[in-house]
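Taken from Swiss-Prot, the feature S-adenosyl-L-methionine binding site covers Gly108, Leu127, Gly128, Asp129, Phe130, Val131, Leu132.
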Amino acid sequence: MKIDILTLFPEMFAPLEHSIVGKAKEKGLLDIHYHNFRDHAEKARHVDDEPYGGGQGMLLRAQPIFDTMDSIQATKPRVILLDPAGKPFHQSYAEELALEEELIFICGHYEGYDERIKTLVTDEISLGDFVLTGGELAAMTMIDATVRLIPNVLGKQASHQEDSFSSGLLEYPQYTRPYDYRGMKVPDVLMSGHHEHIRLWRMEQSLKKTYLRRPDLLETYDFSDEEKRIFDKIKSGLSEGEN
């Protein structure tokens with residue numbers, strides 16, 4: 001995968017040289033290029049200006065972005081504009097992006113964008129219902145979530161498939177050594193070696209956690225018959241005061 005990032009602050013992306021994203025680059029699975037669009041700005045390198053019609057703040061000018069895009073060698077890239085007014089970013093969107101060969105992220109700054117910039121864009125995406133100083137942190141988050149889904153980036157291909165949200169549910173609790181730490185013991189079922197009991201326990205815990213913490217996810221979740229039976233049992237137990 002090839003990723004191009006348009007930003008005023010390329011140095012902010014240093015964390016992408018480490019961890020999973022850095023390893024993907026080392027394996028030759030990922031190529032990232034940073035483009036400071038101030039380098040393409042006319043008018044004394046100014047990238048912003050006052051909005052027509054008045055108003056507070058400054059807008060990112062179209063010219064530096066257009067000229068930077070013209071300089072990028074890309075065939076049919078997915079062009080993502082980081083914008084708090086965009087569609088919310090979700091795991092399913094990361095899975096979709098992981099299938100692309102070329103991605104371009106446009107990181108804004110200031111009050112907003114000249115509307116004409118959006119003619120270059122295929123997707124307007126928001127990290128959430130809040131406003132950041134710039135799009136860099138949002139872009140890094142989306143890139144990390146996407147790159148880890150590229151085949152062969154993670155050690156085990158199945159490891160991301162059980163992550164929270166990948167299945168549509170939150171992930172079940174997990175434990176490692178020691179068995180007993182400060183009086184907190186690993187659930188007996190995980191020590192039993194009985195694979196079917198462990199599978200059912202994990203399913204129940206995943207459904208329960210999702211119901212308690214993110215019930216909105218269950219509104220569109222496609223329950224199997226087995227999950228529906230377990231979920232009904234969970235709701236019944238909770239209504240009777242079960243913890």
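Cβ atoms are placed via backbone N, Cα and C, with glycine included.
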Rounded to whole angstrom, what's the largest C-alpha distance between any two of Gly108, Leu127, Gly128, Asp129, Phe130, Val131, Leu132, listed as binding S-adenosyl-L-methionine?
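Of all Cα pairs among the recorded S-adenosyl-L-methionine binders, the widest measures 16 Å.
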Enumerate same-chain residues with a sequence separation of six or more from Leu127 (S-adenosyl-L-methionine binding site) and a Cβ-Cβ distance below 8 A; give 'none' if the list is empty.
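Residues satisfying the criterion: Leu82, Pro88, Phe89, Leu137, Ala138, Thr141, Met142.
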Would you find the one among the binding-site residues Gly108, Gly128 whose Cβ has the most company, meaning other Cβ atoms within 10 Å?
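Per the Cβ count, the most surrounded site is Gly108.
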Does anything in the same chain, at least 6 positions from Phe130 (S-adenosyl-L-methionine binding site), have a Cβ under 8 Å from its Cβ, and if so what?
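Listed in sequence order: Pro84.
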Counting Cβ atoms within 10 Å across all protein chains shown, which of the binding-site residues Val131, Leu132 comes out on top?
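Top count of Cβ atoms within 10 Å goes to Leu132.
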Report, as a single number, how many Cβ atoms besides its own are within 10 Å of the Cβ of Asp129 (S-adenosyl-L-methionine binding site).
7
Under a three-state reading of DSSP, tell me whether Val131 (S-adenosyl-L-methionine binding site) is helix, strand or coil.
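DSSP call for Val131 (S-adenosyl-L-methionine binding site): coil, neither helix nor strand.
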